[in-house]
Amino acid sequence: MTNIRKSHPLIKIINSSLVDLPAPSNISSWWNFGSLLGVCLAIQILTGLFLAMHYTADTATAFNSVTHICRDVNYGWILRYLHANGASMFFICLYLHVGRGLYYGSYTLTETWNIGILLLFAVMATAFMGYVLPWGQMSFWGATVITNLLSAIPYIGTDLVEWIWGGFSVDKATLTRFFAFHFLLPFIIAAMVMVHLLFLHETGSNNPTGIPSDMDAIPFHPYYTIKDALGFLIMIMALLTLVLFSPDLLGDPDNYTPANPLNTPPHIKPEWYFLFAYAILRSIPNKLGGVLALVLSILVLAIIPLLHTSKQRSMTFRPISQCLFWLLVANLLTLTWIGGQPVEHPYIIIGQLASILYFMIILILMPLVSIMENYLLKW
């Protein structure tokens, strides 16, 4: 009798993806973040589902319904904070996952990389709409400022913004549709994740050396299932520590004030995971230019495979490229810091220099340094 694991139409798909999958024998903990993102998505969908059972998407009651969840619903407070801080964990894992792909040259798997960029955009859109739902001051003004950026699009901009708002300002219609999309998008993301994995399993995983490892593959289970389980444990412990000891650490105090269209907060800023892009947006003193820079700051990832000039895939044996990579990381941290600061001297010029350097490293310096390294290695 054949093993049901290998013969059942449905189970054999799971088997070929999670059990008998041939995996490189040398992938490090940097390859754990894919599965951690899967856990984050599951946590977000589950906590979000239970929150949606008690939340009301109406401008008059949204803020109070979130307060009601925290005060009156059994374990509502932990659901709310798991969901809010789970989003932060999601983005930490996302950025580390993308950084790993950049460092080890995983972007050469172009289909997987491109669907990954679409996933990044989808997660960012979901997080933005989720931030609007509690209907605090930063929710309202964040929604107003970010949606208003679309008015910079020539000719159709104003009509587009009013169409998204469902009126002439951010109001009840906006909140209702944001809730609808915020509920729907994670399931679309889950479907896109399946496609992401489908493309990945067509080619197999990359590894730290960047050299094909087909001749030295090991089964995913038990080796990487146990390794992933350790990752889950560490991440869930970190998330629970954040939720139980300092749940508001990454939030904005302004969001504990109900939304008031007549009172603008002194500093409108998004959640910490968007600050680097927000800093790039603000660094250009022109609305359309800023919006283009904002979109390009993420979209630039799509042309990285075309800019790969090195004869080696990974940066493991390329020390000069490594220096540039870590300069890019430091630059992104600088942009994140600048995004949270007021628009005044010296933050303006620091933000502008960091924004220029961000695009310079990716578009000019990395390809040039790769060519130089080829020359130094006589390739």
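The chain as shown is numbered from 1 upward.
Backbone N, Cα and C atoms are what each Cβ position is placed from, and that goes for glycine too.
Positions annotated as heme b b562 binding site by Swiss-Prot, on the basis of similarity to another entry: His83, His182. Among the features that Swiss-Prot reports, heme b b566 binding site is placed at His97, His196, with the record citing similarity to another entry. Residues or ranges marked as ubiquinone binding site by Swiss-Prot: His201. The annotation transmembrane segment is assigned in Swiss-Prot to 33-53, 77-98, 113-133, 178-198, 226-246, 288-308, 320-340, 347-367 on the grounds of similarity to another entry.
No contact links the transmembrane segment (347-367) to the transmembrane segment (226-246), because fewer than 3 Cβ pairs that are 6 or more residues apart lie under 8 A. A gap of 21 Å separates the Cα atoms of His182 (heme b b562 binding site) and His196 (heme b b566 binding site). Just so you know, the Cβ of His97 (heme b b566 binding site) picks up 20 other Cβ atoms within 10 Å once every protein chain is counted. The binding-site residues in question are His182, His196, His201, and the one with the fewest Cβ neighbours inside 10 Å is His201. Tertiary neighbourhood of the transmembrane segment (178-198): same-chain residues 17, 37-38, 41, 44-45, 48, 52, 55, 57, 112, 115-116, 118-119, 122-123, 125-126, 129-130, 132-133, 143, selected by CB-CB distance under 8 Å and a gap of 6+ residues from either end. His97 (heme b b566 binding site) sits 17 Å from His201 (ubiquinone binding site), taking the CA atoms of both as reference points. Scored on C-beta pairs under 8 angstroms, the neighbour of the transmembrane segment (77-98) with the top count among 33-53, 113-133, 226-246, 288-308 is 33-53. Spacing of His196 (heme b b566 binding site) relative to His83 (heme b b562 binding site) is 24 Å (Cα to Cα, whole number). Residue pair His201 (ubiquinone binding site) / His83 (heme b b562 binding site) shows a Cα separation of 30 Å. Here the transmembrane segment (226-246) has long-range neighbours at 29, 32-33, 35-36, 39-40, 43, 78, 81-82, 85-86, 88-89, 93, meaning same-chain residues at least 6 beyond its ends whose C-beta is under 8 angstroms from one of its own. Cβ neighbour count for His83 (heme b b562 binding site) (all protein chains, 10 Å cutoff from its Cβ): 21.
Listed by sequence, the residues of this chain that lie at least six past the ends of the transmembrane segment (288-308) yet keep a Cβ under 8 A from its Cβ atoms are 98, 102, 105, 107-108, 110, 113-114, 117, 120-121, 124, 149-150, 152-154, 276-278, 280-282, 355, 358-359, 362-363, 366-367, 370.
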